[in-house]
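*Asks:* In case it helps, TrEMBL gives these features for our protein:
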type	residues	note
BINDING	R7, H8, G9, E10, T11, E12, M13, N14, R57	substrate binding site
ACT_SITE	H8	active site, tele-phosphohistidine intermediate
ACT_SITE	E79	active site, proton donor/acceptor
Amino acid sequence: MKWIWVRHGETEMNRQGRYLGHLDPPLNEHGRQQARNLRAIVQQWQPTKVYSSDLLRCVQTAEIVGSPLRVETSTALRELNFGTWDGRRYDELMQTDGPTLTAWIDDPFTLAPPGGETLLKLGKRVDDWVAGMLAASRSDDVALVVTHGGPLRWLLSHWLYGDARRFWEAPGVAHGGGVIIRWDGQRWGQPQMLEEG
């Protein structure tokens with residue numbers, strides 16, 4: 001089975017450098033262009049299924065990149081819930097909530113943003129979703145999965161490198177970028193990074 005994991009295109013909040021978890025802004029024009037550019041690259045692998053986070057920026061990206069296939073959405077593919085930090089910039093948070101932010105950056109696995117979720121909670125929902133998909137997949141499936149930066153880093157650190165604690169070391173995937181990974185029924189192949197759209 002081939003998996004094409006894609007990070008949604010840019011939103012205005014992304015452009016402004018804001019934490020963006022469960023808030024639901026649309027793609028901006030640059031984000032739509034990233035998705036169109038990525039479509040030209042992804043279509044050579046002829047996806048057979050399209051999955052997406054249920055948040056608008058991912059659904060819009062999935063509809064562009066995966067057209068004409070129907071998009072199946074899941075809340076399991078959502079970004080980390082940043083709670084009261086959602087929509088705020090790092091520099092703002094350092095001024096108002098610096099010690100808590102620093103502690104969370106040092107240990108996002110067991111600490112959560114105020115009103116948000118831990119990285120372990122995000123990981124559990126992503127793990128459950130991936131395990132279910134692997135169990136139901138066929139060897140000739142080509143799945144396009146549109147999600148967010150957090151779930152992508154979790155996938156790379158936990159499923160490919162075998163150590164979720166390497167979360168911050170996993171390569172980041174740019175907005176409108178992606179990674180292709182083969183699953184042979186037993187193990188993952190080497191990831192192939194896709195250029196940003």
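Quick reminder: no glycine exception, Cβ is built from N, Cα and C everywhere.
Please go over these features one by one and say how buried each is and what sits next to it.
*Replies:* If you take the C-beta of T11 (substrate binding site) and look for same-chain residues 6 or more apart in sequence within under 8 angstroms, you find L20, P25, P26, L27, N28, G31, R57.
Under the DSSP three-state reduction, H8 (active site, tele-phosphohistidine intermediate) is assigned to coil, being neither helix nor strand.
Following the DSSP three-state reduction, the secondary structure of E79 (active site, proton donor/acceptor) is coil.
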*Asks:* Name the residues of the same chain, 6+ apart in sequence, whose Cβ is under 8 Å from the Cβ of M13 (substrate binding site)?
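*Replies:* Within the chain, M13 (substrate binding site) has Cβ neighbours under 8 Å at L20, L23, P25, G87.
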*Asks:* Rounded to a whole angstrom, what is the C-alpha distance between G9 (substrate binding site) and E79 (active site, proton donor/acceptor)?
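*Replies:* Taking the Cα atoms only, G9 (substrate binding site) lies 14 Å from E79 (active site, proton donor/acceptor).
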